[in-house]
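The active site, proton acceptor annotation in Swiss-Prot covers 152, and the record cites similarity to another entry as its basis. Residues or ranges marked as NADP(+) binding site in Swiss-Prot (evidence: similarity to another entry): 10-34. Per Swiss-Prot, substrate binding site is recorded for 139.
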């Protein structure tokens, strides 16, 4: 079984919600953590709570130069990377007939382009060392959109497609890639959302799924994990 201990994990969107939970879980498993996000103060607070070495990098995933600079800082500090978790995301309820183009642009920039920026920066290092694991946070909305999340669902469908294609590209390179697709998760991003009678997941449930994917034997790749409340 693969181990997380002593690995270096880059986690985007680490200042709250799912990203924060993943960062803390990986630290509990013994990984050194790179906390990436825009809220530097909050990232520093989280870093103080970790039991393993941590580096805070204030960066916006939608700005390619920010991510390039982040990777240089990480390599200078730790010397290598092993795990990349793309958990930065934006979820805004918006019907097509709301015509809220600015919200659409934000979700496309963060959810799709942000993920691609991180991939283009980190993949060369992972491929050079012939090892590593990329975790992309998708969503059940990517294949079960509702009438109020068409664009969000489309961005997460894109993450499914990117992950599935990348898995084929990376075959026999030693680098694995997994997409995690949660149902509704109780996080600051969904605060104010009316869950109705629907049950919801906790961010910790997603963090547990990430560890499951990362700790499979070397010959096993978990391509897709779908998590729903019961």
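Our numbering is plain: 1 for the first residue shown, then up by one each step along the chain.
In case you wondered, yes, glycine gets a Cβ from its N, Cα and C as well.
Of 18, 22, 30, all annotated as binding-site residues, the residue with the shortest Cα distance to residue 152 (active site, proton acceptor) is 18. In sequence order, 20, 22, 23, 33, 35, 36, 37, 43, 46, 87 are the residues near residue 14 (NADP(+) binding site), counting only same-chain partners six or more apart with C-beta under 8 A.
Under DSSP, the residue listed as 'active site, proton acceptor' is assigned to a helix (H, G or I) in the three-state scheme. A coil conformation is recorded for residue 139 (substrate binding site) in the three-state DSSP classification, outside any helix or strand. In this view, the densest Cβ surroundings among the recorded positions 10, 152 belong to 10, judged by other Cβ atoms lying within 10 Å.
Under the DSSP three-state reduction, residue 34 (NADP(+) binding site) is assigned to strand. Here the Cα atom of residue 34 (NADP(+) binding site) is found 23 Å from that of the residue listed as 'substrate binding site'. Reported as a whole number, the C-alpha separation between residue 10 (NADP(+) binding site) and residue 139 (substrate binding site) equals 20 Å. On a Cα basis, residue 139 (substrate binding site) lies 12 Å away from residue 18 (NADP(+) binding site).
Within 10 Å of the C-beta of residue 26 (NADP(+) binding site) we count 26 further C-beta atoms, all protein chains included. For residue 18 (NADP(+) binding site), the count of additional Cβ atoms within 10 Å of its Cβ stands at 28 [all protein chains shown].
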